[in-house]
Amino acid sequence: MQAVFLSFVLFMCLCSLGKCQKRNCEKISIEEKRPANLDLSSLEPSYEHGQSVRLRCEPGYTGLQRANCNDGHWTVTGRKCQKKPCGHPGDTPNGDFELASGDDFVFGAVVQYMCKTGYRMMSRNSQRSCVASGWDNDVPVCEEVKCPIIQVADNVQASGNVEEGGYGDVIHFECQSPYLQLNGPGEIHCTDEGKWSGDIPTCKEIQCEKPDILHGSVIGTQPVFRKDDILRYTCDKRYKASVGPNPKCTKTGWTSTPECKEIRCRLDKASTGTTRIPDQSFYLPGQEVEIVCLDRYRTPTFKQKDSFLCGEDGNWLSGKTPDCEEIFCSRPQEWQVVFPWHYSYRYKQTVSYRCAGKYKKVAEFATCGLEGWIPRTLCVNQYTCIPPTIENGFIVQHKLDKEVIVMFACTDGFKLNTGGWWKASQCYSGTWSLIPKCIDQNMCTARPEAEYVKYTEPAMEVYTNGKSQQFQCEPGYTSEIQSIHCVDGEWEKPVCSRDGNWCEAPPDEINAIIVQSHNKLYRDGVTVSYTCRGSYKIEGEKNTITCNAGHWTNPPTCIPVCAAPANADDVTYMFVSKKEFYWPGEVLKIECKPGYRSELQQVQCRNKTWEDPNCTRDNTFCTTPPKIENGTIVSQEQEYPNGSEVKYRCDRFHKIVGKDTITCRLGNWNKPPSCIKQSCGKPNGKHMELNPDVVEYQDGATVRYTCKSPYTATPGGVLNCAKGQWNGIVECKVPEYSCVPPSNESFIQVIGNTDELFHHGTSVKFQCPLYYTFLEDQIVEDQIVNTFENTCHYGEWTHQMTCWKPCTVTQKDMDDRNIVFKYLREGLKYIIHNDHFTFECKQSTTKKPGSVGMKRQCINGKMELPECH
C-alpha cells in the first residue's frame, strides 16, 4: 500500500514538471500505410498531437482526405482519391472509337479511333488519352476514299461518277454502237482501297464463232458470224434439230445452242399389267418392242400381246402407244339390245339382257371379253314382214340386195292417199316402212301449204269432195278469201298477199344495227332507230326511219370517225377545243416535243385513224438538261446540239458532288452532279450563352459564346463552322477550389445566401421543397427532414445532395380505379418518398386480375396504383 502511494506521488510530480506529454506523428508512418493515389511530397517530417493536414491527390485523381495526428497515430478521413473523369472523347464523322485501355472515360483511359469502310485516317495520331488536363490530341479525321478518274475510248460510254468516284460508286459501261460489244466488265466499283474493282473495258465488233455441233454440221463455210446473222445447220441421219427458231448472233452470243438430238421413240413408265420386251425408255427407228399383257389387260389393238415398230420420225407406226390397258366393255348402243343401266363392265363380267320388239336373244348371257361382248351379235330379227294388202289397188313384190321391196298402185277411179300414182315400201325387222291406202279420185288428201297461211281447223287424213277449210293470213298480209274447198280431188289454192301499207324488214345499213327487236313486217307509221358500231358515227342528226305506205324513209349513214388523240412521249396535239371525236378530213396541229422533229405541221383524220405525226428522235440534239435538287443551271439555251455542255452550281450552304458540267452526246446527257448540304449543329457544352443562338449554323458561320456565372474560369470565345465541323471545343468551368450551387432541376434551394459561387471552407444551408425529403429515413419524431448543411472542400461538396420527390394521389386517381385508403387519412395530398400506403377496393368491387398489390410504396415520386372492377 505504501508502494502504490509513492508511485502516485511520483507520477504527479513528473506531470507537474511538464514531463507528461502526447506523442508526435511522423510522415513516415503515413507512407508505410501506402495510401492509394495520394501525393505526400509536400508533408512535413513530423506533426504535433492535434494537428490536421490536408492530403492532396496525385495528378489525374480527385478526392478530399484529411489526416489528424492523435498521440502519435494518424487517422485519415474524407473521400478517397479516384481517377478524374475526362467526359466523352468526341465523335469523328465517318468513324467510330472504342476503349483500348480502361473501362470508362477516366484518367489513364485510351480511346482508339477507326474509320468506317470507305474512309481513311488522315490524322497522324488515331488515339486520345485521358490525362490530368483532359483528353490529349485532337479528334482524328476520316476522309472518304477516292478512286482515279475514269477515261474510256471514244466508242465506249461510261455512266456514273467518272470524275471523282468515291467508295461504293459504280460505273456502268456500254458500247455506243449496237454493232459493238464490250471487251471486259460491264460495270466496276470503287473499293475501300481507292482502286477500281476491274479494268476499263474496250469495245469490239460483235462476233459469234462457228459452233461445233455433235451429230450435225453448219451449212456453209462462213467461219465467223456477225450481229443478227442466223445459224443454219443440218443433223446427221437418225438425228433431228432441237425444237425452236434457229440461233441468232447477238452481243451476248448465240440466242440458243444448236443441238442435234437422236431420233427415238419414247415410252413412259409401263402401266400396271404391262411387260415390255425389251424394257426400255427409248427405242431407235426400226426397233421393235413386244407388249405382253396380264390377265384383265389388253393392248390398244385388242390383243393379249402384240409387237410395235418405231418409225423413222420417232413415232410408233401403229399410231398407238405400246402399253396395256384394263379391259372394259361399254354398254351396247343397238336400240334392240336392252341392258342394265351401267356405263361399263369389267373383263369376264356376265350380264343378263333382253331384246326389244321383234328381236330375239342369241345367247342367254353376254360376257365381256378381250375384243368386246361375246357373242358379237346379241339380238337378231325374230319375224319377217307379212305381205301387205291394199283395197282398190294392187301390189308388186321385188327383191333388192336380199331385202324385200313391194310396189303399191291403185285401180281406175282411185288414187294413193300419199300422192303419186305408185309407192314403194321396204321390210324392216318384220315391219313395212309404209302401207298406203287407195281413195276415191274425187277426194282430197293433205291441205296445201302456202306462205303466210295459217289454218284454223284441225288437219284430217282425207277430205271428201266439196269439203272446206278455214284459214287466216299472218300479220301484214291479206287475202280475198277466208277458206278453200276440195274440188274433184284438188284443193283450191290459198293466197295471202302483203298489205301495201306494211313495210318489210328495215334496210341493212353497213356498220349499223337497229335498236328494236326484228320482225318480218312493220305496220305503217312505225319508227325504228339505228345506232352505229365501234368507231362509227351517224352522219347528220337523224338516226331513225319510218314505215310510210309500205316504204321506209331513207336510212342514216354510219361513217368512220377518229377519237381524240392522246399526247405521247414525242408529240403534243394542239386542240382548239377538245372534242369526243372528229369527222373524216378534220385536222389537228401538232408540235413535236424537245429532242424530236417532224416534217408535218398537222395531221388529218382518215378512215378512223389519225395520220402518223412521224416525230422522230433528233440524235444531234438533246432535250432540256435534267434539274438537280438544291442547285441550278448556270445558263440555259433554246437548243442543245451534240457536244453542248451545261454547268451547274449549288445553292448557298451546299457543295457540289461530282463534275459540275454535263455533255450532250448523241441525244443523251451524261449523269448530272448532286448538291449536298453543309452545316453545323449547336456546339457541345454546358453553362454557356450563344450569339446567335439557333438550331443550325450554315457553313462559314461564326458564333460567339459566353460562359454563365459562376462558370467563368474561361470567359468565352468564338467558334467557326467549316465543312460541318466546329473549329474548337467549348468548356465553361468554375474557378479552382470553388463550388457551385445545385441546379434548379435538382429542386435543392440555398437558405439565406444568394452567392453564385462558394469558396473553399464555406458552409451553406440547403433545403428541399415542402414534402420533398433529403434523407432516406426522413421521418424523425413524426417530422419530415428537408434541411441540411454542406461544406465546400477544394471545389467539391462534402456530401451528396438529393431531394426525393413525393407521390401525389388525387381523388380522381382513386375513383378511376375504384379504390380508397384502407386507413382513413384526412386531407392527404402527398405521400412522402419511401413511405408505404395500403389501399382497398370500394364496396361491391373486387381486385382486377393482373393488378398490382394493395400495399404500395412511394419511390421518388412514382407509385403504381392497384385497380378494382
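Every residue, even glycine, has its Cβ placed from backbone N, Cα and C.
Fair warning: this is a prediction, and the values are worked out from it, not measured in the lab.
Copied from TrEMBL, the annotated features are:
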DISULFID  CYS115-CYS142  disulfide bond
DISULFID  CYS147-CYS190  disulfide bond
DOMAIN    23-83  domain 'Sushi'
DOMAIN    84-144  domain 'Sushi'
DOMAIN    145-205  domain 'Sushi'
DOMAIN    258-326  domain 'Sushi'
DOMAIN    383-440  domain 'Sushi'
DOMAIN    442-498  domain 'Sushi'
DOMAIN    501-560  domain 'Sushi'
DOMAIN    620-677  domain 'Sushi'
DOMAIN    678-734  domain 'Sushi'
SIGNAL    1-20  signal peptide
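Feature annotations (TrEMBL) mapped to structure.
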residue	record	Cβ within 10 Å
CYS115	disulfide bond	23
CYS142	disulfide bond	21
CYS147	disulfide bond	22
CYS190	disulfide bond	25
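Between the C-alpha atoms of CYS190 (disulfide bond) and CYS115 (disulfide bond), the distance comes to 17 Å. Stretch with the largest number of CB pairs closer than 8 A to the domain 'Sushi' (145-205), among 258-326, 442-498, 501-560, 620-677: 620-677.
Note: the CA-CA distance between CYS147 (disulfide bond) and CYS115 (disulfide bond) rounds to 17 Å. Mapped onto DSSP classes, the domain 'Sushi' (501-560) shows 0 helix, 26 strand, 34 coil. Following the DSSP three-state reduction, the secondary structure of CYS190 (disulfide bond) is strand. Under the DSSP three-state reduction, CYS147 (disulfide bond) is assigned to coil, being neither helix nor strand.
Per-class residue totals from DSSP over the domain 'Sushi' (620-677), listed helix then strand then coil: 0 helix, 28 strand, 30 coil.
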